[in-house]
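Trainee: Can you read through this structure? Questions will come right after.
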């Protein structure tokens, strides 16, 4: 039995990253009978941005927090629990201004918590979320996986850095790119992504 956490972040009704990520998550679930699938639509149900109350609360032991502080970290605690429970995390995002959607960044801000998902030691920080797999479905109008525009792709390096900091190093990006290069190029990119989704599901 496994648990899959699906995070979709596109605000676009005609998003291409969302259906491909959903398809991957559903196929992984179907390949493993009894698996659980938890979905967070970060665009439709935006998470609270961290604020002064939140940052003060997470620096205290849980038993020392006021009722107001407990309420301030309640959603974050739920997100952290979902992340710990997941064996596989499927993420969808478009490349917006060379990075991820802000809704996904807010999720990261809520789950990257010292003492919970990582800790500091004498030899440096240690991630506490080990043994997990992350799939990132990344859409873009241009081509950013390689070529002259690749240095502008800050999304993938950022996600690898932050998840690596939390202890997750097994990360695969499924690029759906060149979507602005005409219908034929878009269709080719989508077909390639769906083929990779099928390969991943069959190997699960």
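The backbone N, Cα and C atoms fix where each Cβ goes, and this holds for glycine too.
For 10, 15, 16, 17, 139, 140, 141, 142, the entry in Swiss-Prot reads FMN binding site.
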Trainee: How many angstrom lie between the most widely spaced Cα atoms of the FMN binders 10, 15, 16, 17, 139, 140, 141, 142?
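Mentor: That value is 17 Å for the farthest Cα pair.
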Trainee: Please report the number of other Cβ atoms within 10 Å of the Cβ of residue 142 (FMN binding site).
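Mentor: Within a 10 Å radius of the Cβ of residue 142 (FMN binding site) lie 15 other Cβ atoms.
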